[in-house]
Amino acid sequence: KVLDASTLSFGTRVRWFAICFVAGIVCSILGTALLWLPKGIKLFALFYTLGNIAALASTCFLMGPLKQLKAMFEPKRLVATLVMLLFLVLTLCAVFWWNKKGLAVLFCILQFLAMTWYSLSYIPFAR
């Protein structure tokens, strides 16, 4: 029952959705601001990726984690989900393991585009 959204009241679910979503936006903006610091590329990539993960996790409070995972891997959005997750991982690999700043920025841009594509997959006829 813990993994089902119905265990929380509607007001609590909306409140936690908003908290996670706003935290995701704040992390993304903070990451972008940190980009301009010396050696800020690592903080940028980390905060930008955490922001996207928080925004993605926010919908778990509305749908419930299991329903969210099932929806993410439905055939109609499977490719969008996999591309989005791939760029989340590649961004962190580029900055922390490969130490390629330009590649990290490119992956962040692709991460943004992948998140947009994934988000549009929930809107009928949007893609």
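Each residue's number is its place along the chain shown, starting with 1.
Placement of Cβ uses the backbone N, Cα and C atoms for every residue, glycine included.
Sequence-distant contacts of the transmembrane segment (16-37) (same chain, at least 6 residues past either end, Cβ-Cβ under 8 Å): 8, 43-59, 61-62. What TrEMBL records for 16-37 (among others) is transmembrane segment.
Sequence-distant neighbours of the transmembrane segment (43-66) (same chain, 6+ residues past either end, Cβ-Cβ under 8 Å): 3-6, 8, 13-14, 16-21, 23-32, 34-35, 37, 88, 91-92, 94-96, 104-105, 107-108, 111, 115. What TrEMBL records for 43-66 (among others) is transmembrane segment.
Proximity of distant same-chain residues to the transmembrane segment (78-98), defined by a Cβ-Cβ separation under 8 Å and at least 6 residues beyond the stretch ends, is recorded for 41-42, 45-46, 48-49, 52-53, 72, 104, 106-108, 110-111, 114-115, 117-118, 121. Taken from TrEMBL, the feature transmembrane segment applies to 78-98 (among others).
Nonlocal intrachain contacts for the transmembrane segment (104-125), taken as residues 6+ away from its ends with a CB within less than 8 angstroms of a stretch CB, comprise 41, 44-45, 48-49, 52, 55-56, 71, 76-77, 80-81, 83-84, 86-88, 90-91, 94-95. The transmembrane segment annotation in TrEMBL covers 104-125 (among others).
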